[in-house]
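Quick look at what TrEMBL annotates:
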DOMAIN    A:63-202  domain 'tRNA(Ile)-lysidine/2-thiocytidine synthase N-terminal'
BINDING   A:66, A:67, A:68, A:72, A:98, A:176, A:181  ATP binding site
DOMAIN    A:301-330  domain 'Cytoplasmic tRNA 2-thiolation protein 1 C-terminal'
C-alpha cells in the first residue's frame, strides 16, 4: 500500500481501475474515480452483461429501437450498434420513431433521430399518429384541452410502436427505460397500491406472449451515467453521451406537466444523493417482492375494430379514437367506460388497461418510449 | 334522478346505520315523502346485501346520502367523494344538522354518529366525512384495536403481555387500550362464578436509550424525571396492577452499566452509515425487549407501531433493497422471535393517535425523539408530503405491502392453550394466512433478522462466517467494509446477536426445528 499523503493524493487523481490514466469522473453508480476509457468500457460491459445474462436477443433477430431523439434512446441506439458489432450478436437493428405531431417538440426531436440514422447507419421508420389515427396530438389537445391528453398520447404511442415494429417485421422492440425510471415505477406502484403492476414492472422483458416482446437493456443503467452534469466541473458534461459526443435532443414535452411523477422523481434523486445504491436497491426490492401469482390476468383477445391485442371488445386506442371522432373525448377515461359515462366529469383518471402501463411510466414529454 | 353507490363491508355498514335510523323519524323523510320508511329500509338494506346501486328519487336527498355513502377514508369502491359545491352544503345544513359543514365558530356541531354530543374531531376531507365527538372517535379507534387483537388472537387469557412503551402517543394509546381490555377481563373474572378464565397479565417496558442519545449530562435528571412521569402514568392505570420496567439499552452487552455503555458506543462507532446506525439501534432495541420479555416470563410483546409508521417502513425497506423480507415486518403478528411481537394499532394513523392523546388528555412525552436522518429521514418526509396531498396515502401504502405474501411465522403459533379452551371464540377466518400461500423460511439475517432470499441463502449456506449470514442490505449499511474493522465489529456484538450465527441456531432455525422436531432424524451431530 502506498504510504504518505502524497501517494494518496496522486492516487486520488488516478483511475482506480487501470491506474494508468488520470481519473476524470466519479462514477455515479459506484463512486469510483475512473478515467474516461474505463468508464466507457465499464458502461458498455455492464449493458453487455445484462443482455447476455438475460438472453435478451438471439442471433439473426430483427430488433427495433424505440427512438425519440432523447438521451436514453440515442445512447441506446449507439451502444447497441456498437455492442452488436463488437460481440457479434448478429442483430439487424432498426430505429423506430413515433411522430405524435407535437409542433415545436416532436418535429425537432425527429430531426435528431434522422441525424442518428445517418450517424449510426441504422434504417429509420417513422410512424405518425396522423397516418395511424387521423389525429395529431396538437389536434387532440385542441379538442380535449390539457387534461388527460397524456392518456391519449400514451395509449396511442404504445400501439403505434407495436404497429411500427410489425411493419419493420422485427422480433423485438427495445426501449431506453433506465434504472431511475424503473425505480420510480416501483415506488409509484406501491403508492398507488397496484400490486399486479408492481409484480411485472421490474421484468426486463415484457409482453412475451404478445406479438412483439419489449425489453429494456438499460434496466440497471443509471440515468446519471447516461447524462450527468456535475456543477463543479464548469461547462462540461461528463457523461457517456457527452464523451461520445452523441447528438441528442432534450426538451420537455410541451403538453406534459406531470406533477405526481415529479414527486417520486425528486425523491429518487434525493435518495441517490445520500446513497447512490438506492436506485439499484429499489429495483432489487421490486424483483424480490413476494407476490402470489394467483392474481388473475385479463384474458387476451383481439380488438374487433383493428385487430390489436385487447382484453376488451375494443382496444383502448379504438375506444379513445371513437370518442374523439364522435366528439365525446371523455369516453374511455376514468373508471367508467362506454358512451354512457361520457358525461361524468371530475373523476380521477386511473390507468385502466394494461395498454397504458409501459407508456405511462414516463411523462409523455421526456419519453424515450 | 341521482344514483349513487356505496361501499360494501361490515364496518361501513355500521357507519351507515347511524344516518339510517336517524332518517326514520326525521322531518327529512317527511319532507321528501317520496320514499316511505319501509322503502328506504329496503333500499339501504338491499344495497348492503348486494345491489350496488340505489336510486333516490329526490335531488334534495342526494347530498346527505352521498356523504353517508362514503364514510370511510380509504374507500376504494366507486362511491362518490364529497364534491358538493356550496349550494349543496347549504342545503345539507338546512335539512340535516348532522352533516353540516358550517365552520361558524358559534355554531355547535353535533357528532354525526351519536347525534348527542358536541363533535370535537374536526371534519377532514378524506379521513372523516363525519364530525365525531370524542367518545365516538375513541370508540372507532378502540374498535380497530380490538378487531386486530381478537382476529389475530394477539392476547389470550393465559398470556402475560409486555407493552413496549416509549412514552410517545402511539404506545400511550396502546397502553391505554390494553389497560381497558384488561380491566374488562378483570371485571368479567370477578363476576364469573367458576373463574375459569384467568385475566392476562400486563407489563410495561421502557427502553432507556440515554446511553446513545445525545442528552447532555446536565439533562440526565430530566430523563430520570421523565421515567418517573411514565411510572406515574402506568401506576395510574390500576387496578389491575401493571408493573413498569426500565430497560437500559446497554443491558444486552453487559451486566455492568458502564462496561455495557462503552461496548455499545464502540460498536456504534464501527458503523459509518448514518441510516445503518439508526437501523442497528432499532434492532438492538428489539433485542433488549426480547431478552427482557423472555427472561421475565412474558408471552407476547405488544408494540404501538401504527399505519403511518409502517407505511414509512414499507418505503424505506424498499429503498434499502429489503423487498424480500418486507412482508415479514408489516403483519399484525411476527412470531419469528422467541416472544411473538404483535401490532394491534397497525390500522390506526399517527394523526389519529395524536389527536386522541390530545383530546383525551392522555399524557405522553417524547423522550428520545431524535429526528430521523439519512434514508429514513428522507422517506418520512416524503411520506408526510404524500399524506398531505392525499390523506389516505399511508393506508394505501400499507395495503400494498399487505398484498405481498407473508411468511409462515406471521401468525401466532398454535398453542395448547387455545386448543384446551374451546370456550374461547376463535376467529379462524381472521388469521387470514393461507398456509399454502405463506412461505416457510429457515434462514434469517444475523443482524436485522429479516428472512433471507434464495440468493442470499445460497451464500449463507456456503460460508459460516457472520457476514455470509447477513442480508445484502445489512451487509452494505451496517457491517464495516474493512476486514479488521469487521473483526472488531464481531467481537463487540451482543451475545444474543452473535449467537444467532454460531452453531447455526438462528432464531428462525431454532423455531423451525422445534416445529418439526418429530420428523427430524437425529442429524444434529452429522451436521456439525
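Here the Cβ of each residue, glycine as well, is placed from N, Cα and C on the backbone.
Just so you know, TrEMBL annotations never went through curation; they're auto-generated.
Known features from TrEMBL, placed on the structure.
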residue : record           : DSSP class
A:66    : ATP binding site : strand
A:72    : ATP binding site : helix
A:98    : ATP binding site : strand
A:176   : ATP binding site : coil
A:181   : ATP binding site : helix
Annotated ATP contacts A:66, A:67, A:68, A:72, A:98, A:176, A:181, maximal Cα-Cα distance (Å, integer): 20
Cβ-Cβ neighbours of residue A:72 (ATP binding site) (radius 10 Å): 29
Among A:67, A:98, which are binding-site residues, the residue with the most C-beta atoms within 10 angstroms of its C-beta: A:67
Helix-strand-coil residue split for the domain 'Cytoplasmic tRNA 2-thiolation protein 1 C-terminal' (A:301-330), DSSP-based: 10 helix, 4 strand, 16 coil
Cβ packing number for residue A:66 (ATP binding site), 10 Å threshold: 25
Count of other CB atoms lying within 10 Å of the CB belonging to residue A:181 (ATP binding site): 24
Residue A:68 (ATP binding site): tally of other CB atoms within 10 A of its CB: 28
